[in-house]
Amino acid sequence: MNQEVMNLFNPQAPAQTFDSIRISIASPEKILSWSYGEIKKPETINYRTFKPERDGLFCARIFGPIKDYECLCGKYKRMKYKGIICEKCGVEVTLSRVRRERMGHIELAAPVAHIWFLKSLPSRIGTLLDMTLKDIERVLYFENYIVTEPGLTSLKEHQLLSEEEYMIAVDEFGEDQFTALIGAEAIYELLASMELEKIAADLRVDLAETTSDLKQKKLMKRLKIVENFLESGNRPEWMIMKIVPVIPPDLRPLVPLDGGRFATSDLNDLYRRVINRNNRLKRLIELRAPGIIIRNEKRMLQEAVDALFDNGRRGRVITGANKRPLKSLSDMLKGKQGRFRQNLLGKRVDYSGRSVIVTGPELKLHQCGLPKKMALELFKPFIYARLDAKGYSSTVKQAKKLVEKERPEVWDILDEVIREHPVLLNRAPTLHRLGIQAFEPTLIEGKAIQLHPLVCTAFNADFDGDQMAVHVPLSLEAQLEARVLMMSTNNILHPANGAPIIVPSQDMVLGLYYLSIVADKEPGEGMMFADMGELQHALENKVVTLHTKIKGRFKTVDAEGKPVSKIYDTTPGRMITGELLPKNVNVPFDICNQEMTKKNISKMIDHVYRHCGQKETVIFCDRIMQLGFAHACRAGISFGKDDMVIPDTKAKIVADTEALTTEYEQQYNDGLITQGEKYNKVVDAWGKATDKITEEMMARLKAVEFDPVTGRQKQMNSVYMMSHSGARGSVNQMRQLGGMRGLMAKPSGEIIETPIISNFKEGLTVNEYFNSTHGARKGLADTALKTANSGYLTRRLVDVAQDAIISEVDCGAEIGLTMQPIVDAGQIVASIGQRVLGRTALDPILHPTTGEVIVEAGRMIEEKDVEIIEKAAIQSIRIRSALTCETRNGVCAKCYGRDLARGTPVNQGEAVGVIAAQSIGEPGTQLTMRTFHLGGTAQVVDSSYLEASYEGTVKLRNRNVVRNSDGNLVVMGRNMAVLILDNTGKERAVHRVTYGSRLFVDEADTVKRGQRIAEWDPYTRPIMTEVEGYVEFEDLVDGLSVSESADESTGITKRVVIDWRSTPRGSDLKPAMVIKDKAGKILKLSKGGDARFMLSVESILSVEPGAHVKAGDVIARLPMESAKTKDITGGLPRVAELFEARRPKDHAVIAEIDGTVRFGRDYKNKRRIIIEPNDDTIEPVEYLIPKGKPFHLQDGDVIEKGEYILDGNPAPHDILAIKGVEALASYLVNEIQEVYRLQGVLINDKHIEVIVRQMLQKVEITESGDTGYIPGDHVDRIELEEINERLIEEGKKPGSGNPVLLGITKASLQTPSFISAASFQETTRVLTEAAVAGKMDTLQGLKENVIVGRLIPAGTGGMTNQIRRIATARDELIIDERRKSSGSTEANAMLVDMTNNAAE
């Protein structure tokens, strides 16, 4: 009884729990079973009574009552009649909420095709029937008949007949000899009569027999769809609809506006259209109207249903009264405003407020200031409850009155309510998880939220009018999570790189830096101080200043915690900072006995965090913030115009450079250099001049000056202090103020040759000002584009990585990646220690000299290990990586390594995919959109020579050198490398040297660090001869294949190979140079081929015919100009290009095997290159290369697998196919890191690896074996492994496949979860595909769970699920035990066992 009463008052049925969602095509019976009645009239509501019309689109009899528990005519009212159906109006007395759940239907007079299955490419109906979409449409829209049953006539099945042809056929064969139908009925018949099993069997036979690729592809597509239908239990004829479902009326509401008009959902218009046409068609059929009229009506019905499902997909868009296209059912789901992204993935919340933020320096790190007014509003329900509990009010109404009057007791209660109740602060745009953090509110007067200065970096907030939103976590669980996980004190480290993010900035840095300055000849120099008390005393009496050099005693503790002290040479300012350090044996005074620049402060905080833990760090940060502010204020640092110092040498440097540019101009006029070279040189010269002036200026600013009167050191230049400490401003900005503004870019990204010589202190001339506006405007335009692009990149990354969750502790993988330091132009940009910190070692790491184990296999590499590794100079380390992790549905903790935001091993349930996506996407807005190029000079300056980065002995790998006529060693090999070995013979560095480089060292020479090893001309690529002899030209015909180009301004000629294929006469020329001996015989090369050198277009000839050349002499050169002026994709577009795995425009051609290059017969205008393998068991590989491309290999060159045949950016797919997963991973990681490194952004490699792992989830089946897949199918890697294991156990033939690389968009759309894919992009296509295949979504990822409204399977949500599973298992055990109740002890033992597991 009791239960029933409860049910009366809580009519909500408990939510159903479910584990998966399936989508399939609805059969007519299914649609009928959903429906509560047929809709026969197009009417909506009666405009006078506002009551819904009977049998109309809002009919109360079908859909339910309008008011709770009240029938339409008003005969039955109130709860007591629940469930009764009124005999007068036929409405069931129940909740009006059922109008959101009950569906209706429309019985169609003629079948219509469902547009999704017809038009969503590839057309499912078309593929099944093996007809083209055009033909099917002709049948559906009543243009042609289709033969469904040819009988004994000469007609073929599926043959289309026009009206006349049909009439002729009827005359010829008689009407009952064959069947030809028209319209959707015809397609319905064809689909209904399909025997899918038979078709599938036939297709398999055909597949085995056919050889042509195109046919195979077509058959495979068809077979796939047939199998989908067979597996899912869908019937093909269900794609033709006889009944249209009508969605519940409250989901397509009709809202009365004032003035008697109505606002309605577009769906009602679309449904009305369908009902009108359907009713008209029924009437026409009853009246036996002429066929042509009925046919026309049927066509219109088909169009109406098409528009309802997907308006605008076919034919004209149906528009409403205001000429705006009507929103169909598909549009309701699609895009940013669709159901998925607008309502399911992001919902609006109540209990939130927003206001402007101001700084709150007196707050503690875990606090924020909340205006009283705001708090009162946000915590209302809590206040009402507390007022009631304390007896101040007996009803909610009274409580409301008290709060409105703002009585004093309300404020007291507000204080109680707010205590220990965290609130969430959020600043838009929330680019990473630190954009929402929890704080404890403290009540303040005023209307602005106070924010702690140290969390500004995380929120990217400043106080120039930014606003923030406040959210109140209501439930106990929410408060708990906010406090334990989201509290600002728990977010000290940056999830992207593990560096502290709670770092003082600006004023605080300036104050701390000022404290740490050392000055000479200050009063009291050399005094000794025993403790801080004495020092304070001396400071207050001005015996010493903050910057005096003194000796001071610093007290700390040893390992046992006993106090120890030591005397340091330091300054009073540094002693004050040192006082704040936590007392710990690992935190010495040295870390603050140095210049406190922002970097050093960050290192200090990091050090304290690693050794003293979180609590100490938070207290320490708060203290140094206070100290920084106090001393920035006391120091009184400010700057005036005179602080910008213009170097005295500026005029001279400018004059010298102007002289240089005039000289280049002259050289150009004399024809010694080309226009492009002149441009490069001029831009280069000005670039150098700017740098020189900057150096001079900085030297002036840095210089220490003494006051001649007092002899004391003058105060440091304040601008220099600000910039050097990292508080504000950069060298670049100072250069513009006090040096020279330098070169400017045009909007196109080119550099303007004439620089801006003035600086802002001197003022710009009108011309200079005009030139500088270019760059400024481009910057603004770029910023707007950048934000949108960066946001879209983040969205794609999150989508692809959302289901990468830590799901187990150790997957036991035996494979991993090899980490090496990244060297760029001889500089180490990322040391090996930085790269392996916080990763798990795959093999034991051994000391190279002693052989002792530094890190055991399977242990995480910590800071202390990194020190040893760096000292031992280990060059490569094998580590575990998420890329090679073998966990199914997720990643394991061992492969991932350290959780960067906490500095501890990663927890189970951490959503590492989303964190990776945020870490890569968040700095996106800092990347450039297009890179400015200093005319290619910036790259050139540093890439024309090679210096030794270590001391050691030289070894040449693949040595192939000759001495040319100047007596220099010249590199002749294409894959030669210079190795530098240390005294133990270990490789310290490997440098590739390009063909044609001049070598300054030879085998076994010793080199010093910084010694030049080799140099080359960065602007051209040489073609050199290996033999001595006389030059002769072949096919170098003037005007056809060679042109004498005279530089128009100089008159000097040079001979250039031109595109000889452009004229018909030159099509079969092969321009080349040969080297002959005195007798005129062609010489042989060392490899056995002729000394013939093929020339490509744009080669410049360096010798005349008949000239005598020695080995190593350049006979022609290919200018690299083209590669240089071309804008290399940089910044954001480059990152997107890599993640989308696009093939670059002119991508490199990579050799697939080791072997020798041979030239084959040319094919049209392509060159055929054959690589003959060294190993005879492999087939030779052929490549076709466009003839005009600069091509540097010669006949007979030896080439290694993975080497470039044609230069360019390699396509990632090629790297994967040729060199394997590890090479691909290192390529992608390095390339992406390069872009971020240029911007000074630190991102840990593991984030990029997680994303790349998601891109490599699929394999393409090559051998299907007994797997049941078709070659060419894309299958999950781990799924295939599992199937193969099962097949091997059963003794069947396993399948095999090659890994495929998918771009992030493609990979997101191919996730096993259709819900996730549909909410990402191409909603219609994804849902159509899923419905045909009857896909099941097992709700593994985060997105699917958010959409269906469950806890996400990560973090606490994942834990809850696990606990629930354990509980269910235990319950079942107990139930079993009760059943047996014979006192069996096994179940008890199991129970105890399970409890223990759960506890663990």
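Quick reminder: no glycine exception, Cβ is built from N, Cα and C everywhere.
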One of Cys633, Cys811 listed by Swiss-Prot as binding Zn(2+) 2 at the site of Cys885, Cys892, Cys895: Cys811
From binding-site residues Asp462, Asp466, Cys892, Cys895, the one whose Cα lies nearest Cys86 (Zn(2+) 1 binding site): Asp466
Among Cys71, Cys89, Cys811, which are recorded as binding-site residues, the nearest neighbour of Asp464 (Mg(2+) binding site) by Cα: Cys811
Among Cys71, Cys73, Cys86, Cys89, Cys885 [binding-site residues], residue with fewest other Cβ within 10 Å: Cys73
Spatially closest candidate among Cys71, Cys73, Cys89, the listed binding-site residues, to Cys885 (Zn(2+) 2 binding site) (Cα to Cα): Cys71
Distance from Cys73 (Zn(2+) 1 binding site) back to Asp466 (Mg(2+) binding site), taken between C-alpha atoms, in Å: 56
C-alpha spacing of Cys895 (Zn(2+) 2 binding site) relative to Cys89 (Zn(2+) 1 binding site), in angstrom: 68
Entry from the binding-site residues list Asp462, Asp464, Asp466 having the most other CB atoms no farther than 10 A: Asp466
Nonlocal residues around Cys895 (Zn(2+) 2 binding site), in sequence order (Cβ under 8 Å, 6 or more apart): Cys811, Ala813, Gly816, Thr840, Arg880, Ser881, Ala882, Thr884, Cys885, Thr887
C-beta crowding around Cys811 (Zn(2+) 2 binding site), within 10 angstroms: 18
DSSP state at Cys86 (Zn(2+) 1 binding site), helix/strand/coil: coil
Assigned element (helix, strand, coil) containing Cys892 (Zn(2+) 2 binding site), judged by DSSP: strand
